[in-house]
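Trainee: What follows is a structure written as C-alpha cells; I'll ask about it next.
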Amino acid sequence: GDGCGHTLLTPYSGTLSSKNYPGTYPNHTACRWRLHAPPGTSLLLAFGDVDLEPSERCAHSSLLLADPQADTTYGPFCRNAVPTAPLLVTNSSTMTVLFNSTSHRSGRGLLLSYATSQHPGGIRMGASPDPPLATCFSVYCPAGCKDIDGDIWGNPSQGYRDTSVLCKAAVHAGVIADELGGQVTLAREKGITLYESAFANGLHSKRGSLSEKRLIFHKACHLPLPACGDVLEVATFNASSWWLEVDALGQDRAWVAERAALGTAGHSWAAEPGSDSTWLELDLGARRNITGIITKGSSEQYDYYVTSYRVSSSRDGKNWRPYRGSSGQEDKVFEGNADSYGEVSNAFIPPIIARYIR
C-alpha cells in the first residue's frame, strides 16, 4: 500500500517502517505486511518506534498485528496506547502487520523489526545496551538495518562511537550482510579521542569526537576480528588491457596491471581508453579464503577512480563464477570510490574461496 516505507523481509528476519519514517507519515494511507517464518519456528517482533498521533481507540492512526494461526490480534497501537513491552514473542510462524492513517498533524510513524525463535539474543536496531565496561555481549541484528535512520561514527579498525546505531555499524564493519542480518558479538571498551570516518559496504560513517565508550566487533568473546592489515599477497597481476599514455611532453607512461597494488605510489592501473568489458585479474598463487576488498583511485595527481564494479572468481583461471553475495540470485554490484584518494572497503559475505579474482 501507499503507506509503506523502507521494507526488507526475509524468512528469518526483517525490518519495516511507515512511509517517510522518521518524518511525519502521510495522511490517508495504508500498508499491509505479511511475515512468514519457516515452519516450526515462531516470530519475535521488536518495536523500534511506535509514534502515531494519539486519538480515542487509535482512530486517526493505528498499528494492528494479527496472528491468523491463533486468531489473535495485538493492538491497535498509537501514541496513547503503546505496546507494553519492546519485544512481542508470538507462538506463530505467520503475522500480518497493518498500518493505517487518516487526517493527522504529527507522528514519526513506526519502525519494526522481527526475527525467528531460532536466533538467541535480543533483537536490536539502535544504540547498544549498557553492560559493564569491556564486557563482551551478543545481540541479533535483523535484515534491513542499513537504511534505517541514524548515524554511525568510526570504522572497522578502530571501532565505533557508542552512540552509533549498533546494527548499522555492524553492516559498515562487514560482520553481517544487510540482506541477511545475523548474530553479532561485541564489547564496549574505553572510548578514544577521535573517530575517523570511512566508506565501507555502501555506508558512510562520520568523523566523531571523544566518547566515554566505544563498540568493538568480535567473532566471539575475546576473539577480535582479523585486522584489515591481514592482506593477501598477489603473485601476479593481469588485465584485459592497459593504457599507454603519452603526456604533453611526449613521454610515455604505462598504466600496466602490476601498478594495481593498493600501496603503489604515483599512477595506477588503467584499461585502454574506450575499451569494453575491462577487468583486472589477481592471481593469489594458491586457493585463499578472501573476506573482502579495498579499492582506491589513482592518487590526487591523477584524478581517476572506479565508481562500481563486479567480482568473479576462479580456482583454475579458466572457469569463472560471478559473485552473487548472500542473496545468490543476481551478480552483486559493489559500490566503489567517489574520489581518487579515499579507500573504500567491501566485505564478501559469504567469503570467496579461490586462487584467481577478477
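Cβ coordinates are placed from backbone N, Cα and C, and glycine is handled just like the others.
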Trainee: According to the record in TrEMBL, which candidate from Cys4, Cys58 pairs with Cys31 in a disulphide?
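Mentor: Within the candidate set Cys4, Cys58, TrEMBL assigns the bond with Cys31 to Cys4.
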Trainee: Going by DSSP assignments with H, G and I as helix and E and B as strand, what are the residue counts for the domain 'F5/8 type C' (221-358)?
Mentor: 4 helix, 53 strand, 81 coil
Trainee: Around the C-beta of Cys4 (disulfide bond), how many further C-beta atoms are within 10 angstroms, looking at every protein chain?
Mentor: 16
Trainee: What is the Cβ neighbour count of Cys31 (disulfide bond) at a 10 Å cut-off, with all protein chains included?
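Mentor: Result for Cys31 (disulfide bond): 21 neighbouring Cβ atoms inside 10 Å.
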Trainee: Over the span of the domain 'CUB' (4-117), count residues by DSSP class, listing helix, strand and coil in order.
Mentor: 3 helix, 62 strand, 49 coil
Trainee: Could you give the number of helix, strand and coil residues in the domain 'LCCL' (123-215) as assigned by DSSP?
Mentor: 8 helix, 32 strand, 53 coil
